[in-house]
Amino acid sequence: MALPVAFFAVFFAWPVAAIVARGLKVDGAWRFGRIVDVVAQSDIRHVLWFTTWQALASTALTLLIALPGAYVFARFDFPGKHVLRAVVTVPFVLPTVVVGTAFLALVGRGGLLDELWGVRLDTTVWAILLAHVFFNYAVVVRTVGGLWAQLDPRQEEAARMLGASSLKAWRRVTLPALAPAVAAAALMVFLFTFTSFGVVQILGGPTFSTLEVEIYRQTSEIFDLATAAVLTIVQFAAVVAILAVHAWTVRRRETALRLVDADLTARRPRGAGQWALLAGVLVTVVVLLLLPLAVLVQRSLGAADFGYYRALGGEDGGTFLVPPIEAIGNSVRYALAATAIAVVIGSLAAAALTRRDAGRLVRGFDALLMLPLGVSAVTVGFGFLIALDEPPLDLRSSWILVPLAQALVGVPFVVRTMLPVLRAVDVRLREAAAVLGASPWRVWREVDLPMVRRALLVAAGFAFAVSLGEFGATVFIARPDSPTLPVAVARLLGRPGDLNYGQAMALSTILMVVCAVALLVLERLRANRTGEF
Amino acid sequence: MLLSLEDATVRFGGRAVLDAVGLDVAEHEIVCVLGPSGSGKSTLLRAVAGLQPLSGGRVLLDGRDQTGVPAHKRGVGLMFQDHQLFPQRDVGGNVAFGPRMHGEAKGERAARVRELLELVGLPGAERRAVASLSGGEQQRVALARALAPRPRLLMLDEPLGQLDRSLRERLVVELREVFHELGTTVLAVTHDQGEAFALADRVVVMRDGGIAQSGTPLEVWQRPADEFVARFLGFDNVVAATVSGQVADTPWGKVPVPEGAPQGPAALLVRPAGVRLVEPAEGLRCTVAARTFRGTHVAVHLQPEDAPRLEAACALRDAPGPGDEVGVAFDAAEIVLLGKPSALGSGS
């Protein structure tokens, strides 16, 4: 418990406090009146309104489209399932900038749809909403589907025997058991879309702007740190309010679920309805998730003989101090370190939160852990830069700074993924181990760990993927001579010319492949370990 | 004393689930705590195991106060109600868990596992998956696992609760043999009197967090301490009575009582065997309300006019059918005067 708290105090609370102070303090005096001044501006009010409703709409749309997918992945067995599960996760780890660009290539001017039917969506909010669904599909499928796969189908059968129709049985038995996972997923999606940056930046144009984009604009284009800080505070308050609601709903009764081996619950679809559902989900995945990625790959191959790829290895015209290709190694190294940190900190936090005697203080920490997700990544990165650059903690020149920032974003995933499973472990199993002579630490290792290994692997995969794709914070603190993949992509996109555009596409494709490989390894690990469960 | 409880008290909210319980268990003794659900018997085990902190009083093992000693350092074993085998380990892994926690060497562990599985009648089952075991086999594995670290005190929580009857009856005999062979000290809880009587050297009946009676199975069966114990043991022929001399005045009329019975108001129990059926004119007039076949005998439920129902045990041949009119006479040898008169009429 102490370690996670210290971690968050030093690497989250302090930097955020530093940037707020930098923004609101003028000549040593606090000027809170600025908050009212800024929010009263009509264009800021417009930004606030748009941020909220597009996040709500995106969350609803994502749940609507992804919940059938979660069901199909949890309950059906079909060829290529493991590969497909990894594939749907790839969009989530892509840098937001690339997601935006891929959708621009699909639905924008001169995009695929424009070429074929003359349809353009880039001036409408639909492009943003669809990109958000593309981005968050995996969140719902992984979080909800992961639990769904381990729910005992016999519970539903028991309800059927008691006279419930299959729909009613699902609504009365399965849905309540899934509710915590659905709520967790919905909350995540809402927070991501509420703080959406890259996607809106590219697809929103001048019409649509979220708080995050506005903060970035104020910080890097107008250099109005004070206004940026005020906006950060507003966003912070909104996120705290959302999380307070979440913490309040979390206090629902925690029931010990009957968890079974996920492989036992999946079976071949039966009947026309189930085959149609499977087909529908597959079509959705292909059109919504694979098509933009295909367009991305196709654009990266725009030059003859893999010209864009070969250009990555060479010295370029001054965008980088090193060949762009080195960004791959940097990214993987950083992401591995960040994953290790996130898993350790997240597991400790989750274990502390699972204790039945956990007090109000600890439960509050649950919500606190989600804060880094809600607070603008730009703020975290910028805060790192100004807070951790002087004694006692001068990390500005240390490589660890980047993994730390990425871990900060990864920890909530680890906690969110592990908590439902840890809470479902029967407390008497732990007692049985204790009575047989296991100390509390051994109980965790011998009883909890084997049961949550699956969840832990999923969490680690998530943390790794998030670290790989992290952009907002990394862009501030990555050193110029060791950029990560997303940072390199953004720098290439920021420069004019077909070659830079093509190189960005090529590098994005590489990032996509690295993520896909990492996730495939993870799926393989899961498949091998299932015998132990 | 191996185990002593001194005024052990556990409160949940304001309610005392365990109310100043005093209990001693000697070495090699098998003590069975018997009581209805909610009487606090499981809490008693959890308190001894260190899984449930006491609100008051002490638990002593070998005379040493266990306050503040965590569960894993108490050296007692607990077999859970539904076994709680570790699902991710095979049978051998489950049994070896305790010795492994105590740092036993691998070779010794394997030998111990083999020996215990043989003892519980599952030789060679080491590699089997827990999920593939039947209820009875799970129970045996749970027993082997609980015995493996050689606990100084073994506690069993409803050890046979979920098994079917014939298996239960067989296993309870096996358990008793195993415990006597090993000289294990056992503290078991159950709600099943048959199980308790078959297993225990001494039976402790619990009620509302306190101890209602303690004694050998025979003592408890023959002389229930009070109406609660009598009813819990399945005796329903209990009424308020006033004893004078060799006769008690009851709602069923004059009933003979054994010699030396305490005089004055008391609760009176007539065992079903002491209810003799005679001609309707000769005794208490009753109508047969129901008849239950009990294997060795038939339980006949009799409804007198203006008095609580009576249960009689009849031989198979002479049992009257529902609706028949019979007379009832009482046998002084099967009549017990219970400790205190209490609110009667409930449940009759």
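Here the Cβ of each residue, glycine as well, is placed from N, Cα and C on the backbone.
Automatic prediction, not curation, is the source of TrEMBL annotations.
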A:53-74, A:427-448 - the one TrEMBL records as transmembrane segment: A:53-74
Annotated transmembrane segment segment (source TrEMBL; candidates A:5-28, A:365-388): A:365-388
Stretch of maximal Cβ-Cβ contact with the transmembrane segment (A:275-297) [cut-off: under 8 Å; candidates A:53-74, A:334-353, A:455-478]: A:53-74
Leading stretch by Cβ pairs under 8 Å, where the reference is the transmembrane segment (A:455-478) and the options are A:53-74, A:126-151, A:334-353: A:334-353
